[in-house]
Structures are given as structure tokens and as C-alpha cells.
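Taken straight from Swiss-Prot:
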type	residues	note
BINDING	112, 113, 114, 115	(6S)-5,6,7,8-tetrahydrofolate binding site
């Protein structure tokens, strides 16, 4: 079967797993576009994206443009004479001029069942809103965000325990399957395109670190979803004696304590820290103190009891 010459655009781990599948396929990844290197951590060290690391290890030429409209970059991209561009969680809007460079167009692997959850946080949004299913959509890209015709989609169930990390791993598996299938259909010219229903569009919102502070005025159910959706980033937290305490795992206790204040610690034992919310109780099971490892609450019942005194309002 004919192989395609592919330019791949992506940045994160989710992207890198799809790139790895293309590298090991019959197709030819001739170049990669990824985000510029960033400074991170206390030492502000330069960090490479997972896609850049994988590309370096496989000797694939890399572009890291600050500006995708840069003429010099666009000319170099055009000279590659690639058949198709594949975009997976790249993080920047691709200009129309680039979209029009490739004879087979540009395709995007998106982690939702479009048109639900267009935008940058589809996985987190599906968990936050209690969706029972999500999936992968492969779309033909146009100059509007996530609005192109659907070329293929696969559904994936969401469990009540899924975090963004665990759900991402499920979606990577089916995303790779969908991507390779679509590339084969492109070669055979058998893709069936389906327009998105604009009436069903729901946009996902950008997530910021400040959004991770737990608000006890929300229900326990919403807080538990938030904790799963914000794992592994930015990780939900609450304040106790001026300490930022991160929450990695929780559960809902379906009891409402109307005689207790919102945010009040009503129990602290080997099963967790039980905190009253606007509706029902949130039981925190795993947490992390500043600069420390993630631990089960049962392991700090005695040593941290002053932080979690019953009756304390957080």
C-alpha cells in the first residue's frame, strides 16, 4: 500500500503517543512541528516537549515556530512537499495558508465526540460534567476551531473512577486506531465525511491553576468530579493553616448535614477527612502536603490531627 509523507504537529504526551504510532507505521513522518521550549520548575530549566524528545530520538527534523505566520517557516514547510499534515494536541491555531499546503489536507485527532467539547480541554470537560461516554473524532481541519467535517469517530466509556490521566490513556489507544484507519481510507479515497451539527456545539473552557482551589459551596458530587478532572494537572487543593494541601482522591458520602457549616470538617479517621459541602459530604482519601509525596489519609491520622481538627471550617 502507498505510504503518505506526513508533517506531524503536536506537543504533549497525548500527541507523542500518536506520533510514535506513525513512526512505527508504514507511513513516513518527514517533519514535526511542536511548541517552543519552555522554562519550568524552581530552577527555570529549559524543558523539551514529549513530541520534541521523541522526534530527536528518531532523527526527525523539528520546527518550533513562535509564529506560524512567519514567511520563512511557511516557505520551508511548503518545500517539504508533504502529502498531509496530522495535528494532535498541538496547542496553536493553524493558519489557513498552512492548511492549504497539503494535497491530502490537514487532519486533527480530537479527544471528544464532536461537536460536544470543542476546544482545548475536552477530556477534563467530559469528566467535570459527568458524561458517561466520550471518544475520538478525526476531522478535516478548516480555519475554525474543531469545526471541520468528521472523517471518523470511536466511542469510549467513562467510568466513575476515571481521572483525566486514566481517560487520556484510554483515548490514546482508540485515537491511534482511528488515525491509522483514516490514513488508510485517505489513500483508498474511501473517507465518508459528516458535517457537524452546529446546534449541538458545546465549548470546553480553558483551565487555569486558580481553578483548582476547592470551593465547599459546590456539591460533593461536583467537587469529586473536579478532583478527577484536574488530575494530573493542575491538581485540586484546599487551604489549612496557610498550607496548600493537594487532593488526589476523594469520594462522595451521600449524607447531607444541614446542621453543619459548609466547609466544616465533620470527621477525621482512617477512612479519610469528611468535609461538609453545600450538598452531601466529600471524603478525602489521598492528599499531598507541600514538598511531600502523595499519601493515604490513614497514614497521617495522628501526625496531622491538628490540621484537621473536627469542627474546623476550611
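Using N, Cα and C of the backbone, Cβ positions are placed for all residues, glycine too.
Not measured: the values here are computed from a predicted model.
Sequence-distant contacts of residue 114 ((6S)-5,6,7,8-tetrahydrofolate binding site), defined as residues of its own chain at least six apart whose C-beta falls under 8 angstroms from its C-beta, comprise 137, 139, 146, 150, 153, 196. If you count neighbouring Cβ atoms within 10 Å for each of the binding-site residues 112, 115, the highest count belongs to 112.
Using a 10 Å radius centred on the Cβ of residue 113 ((6S)-5,6,7,8-tetrahydrofolate binding site) and all shown protein chains, the other Cβ atoms total 21.
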